[in-house]
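Peer 1: The structure that follows is given in the form of structure tokens.
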């Protein structure tokens, strides 16, 4: 990431085709050592490309990635999922009832003033 950021800094600073020397100079200014293999890889991937286009492509790819930890699961129509789903639903209702009871007992913070 540091190499990409340095490349972008150089490109946004007016250098349309930053070299390894340019990127190393940026990294050295903040005390970061450069790995030549990774640096060469970044330069070869980005060299000759329009930075705005690369950023736009990246934003498009990030938009397609699910975020927030939500799991997207879909059952195929006509599958056995609804029949199998009734047992976990009943267990889930029992868990909810137990959870509600425990929440009520926690309202008084365990002191039981009116018990």
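Counting begins at 1 with the first residue displayed.
Note that Cβ sites are derived from N, Cα and C of the backbone, with glycine treated the same way.
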Peer 1: Between the candidate ranges 36-75, 76-115, where does Swiss-Prot place the region 'Disordered' annotation?
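Peer 2: Feature region 'Disordered' in Swiss-Prot: residues 76-115.
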Peer 1: State the three-class DSSP label for residue 21 (N6-acetyllysine), counting H, G and I as helix, E and B as strand, and everything else as coil.
Peer 2: helix
Peer 1: Can you tell me how many other Cβ atoms are located within 10 Å of the Cβ belonging to residue 1 (N-acetylmethionine)?
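Peer 2: Taking all protein chains shown, residue 1 (N-acetylmethionine) has 6 Cβ neighbours within 10 Å.
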Peer 1: Taking just the CA atoms, what is the gap between residue 21 (N6-acetyllysine) and residue 1 (N-acetylmethionine) in Å?
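Peer 2: Computed Cα spacing between residue 21 (N6-acetyllysine) and residue 1 (N-acetylmethionine) is 17 Å.
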